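Trainee: Right, I'll just put the structure down here and ask away after.
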């Protein structure tokens, strides 16, 4: 039952039970629908109202939110009104393809809320009344997308099946370039589920389709594996032959994403899965960064150990000459950073190589003032008087960036105080 004040055309009322915001422009018919179950003869009142041809003429009027009486009735036919009311509205000429302000149709609302409504009957009924199945809202979402992304919450997998059986376009994309399958993969651990992912795959979804950023479903699942998606989804995609080496528009691969988001549960297992399925461990993104570089930047020591054990190139350089060791020194004020630097050095990282400007790992450590990193590098025989292309030494970096403790340490280690750039 809806708890609302008496009808007044100037008042605002809720369109849906879960809607905290109220809306103006309600017709008397809309009001009668949200209060149908407030009265023993609520349906009869609506039937009587629509027996008047004058009232039927306004059956498709939209309120200030763009909702029609049919939209409200379809969404609330289990709570505020009855299914008989939905049937009545359709029989009296309620239009099924009008859009709300956000361009949602009544079919989208029914598909989104089929679990709350109680069955897929309303969705089927709307389709029988020629509701357009592939029409998109302002975000490019279709009824199938709404059902797929919410199949474990407000919608159901039965709704997804129904829409597919009625020839919903499984490959249609939204404004982000994502289709129903990609969305199901992204939310397979929350509002959607693995059964929906399997269903969409079995019905012909292209497993390696790209969104506007060049991301595949596998990339999406890797990014969200410990939030809205899960490792089961990744395993399924890999078992179904998802390409592990597709690159997005900036050159990222699924492995790089797994390493970037590696400080989460299951991350090491995900990286292992990708490597076992042929992920290229040494390929670089658009900037030349490898998976190892991402792991070093984001300081996941277990990921770094795994990559090194799988023969990641420890001395690979990006397009400006950065190595994994330089990145570890640059981001040395993070957890595990000293342990990571030690690991890289123990595994053969070149301590004195320079980037495109001639900067060494020690220079990065001096610039970013991580005293423990500097001590470790010096203990491992880093060249204390190395010069970059401008003739700068680590001591000069420390002086320019006013790192007093670093300056003292370098002088104690006999840095050349008289060197000239």
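Using N, Cα and C of the backbone, Cβ positions are placed for all residues, glycine too.
It should be emphasised that the depicted structure is a prediction, and the values quoted were computed from it without experimental measurement.
Found this in Swiss-Prot, in case it helps:
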- 24-56: repeat 'ANK 1' (REPEAT)
- 65-98: repeat 'ANK 2' (REPEAT)
- 102-135: repeat 'ANK 3' (REPEAT)
- 139-172: repeat 'ANK 4' (REPEAT)
- 176-209: repeat 'ANK 5' (REPEAT)
- 213-246: repeat 'ANK 6' (REPEAT)
- 250-283: repeat 'ANK 7' (REPEAT)
- 287-316: repeat 'ANK 8' (REPEAT)
- 320-353: repeat 'ANK 9' (REPEAT)
- 357-386: repeat 'ANK 10' (REPEAT)
- 390-419: repeat 'ANK 11' (REPEAT)
Trainee: Report, as numbers and ranges, which residues of the same chain sit near the repeat 'ANK 3' (102-135): CB under 8 Å and 6 or more residues beyond its ends.
Mentor: 66, 68, 70-71, 74-75, 77-79, 83, 86-87, 90, 96, 141-144, 146-147, 150, 153-156, 158-159, 162-163, 166-169, 172
Trainee: Taking only the residues in the repeat 'ANK 6' (213-246), give me the average pLDDT of this model.
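Mentor: Its mean pLDDT is 97.
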Trainee: What residues in the same chain, six or more past the boundaries of the repeat 'ANK 11' (390-419), come closer than 8 Å to it by Cβ-Cβ distance?
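Mentor: Same-chain residues near the repeat 'ANK 11' (390-419) but 6 or more away: 357-358, 360, 362-363, 366-367, 369, 371, 374-375, 378, 384.
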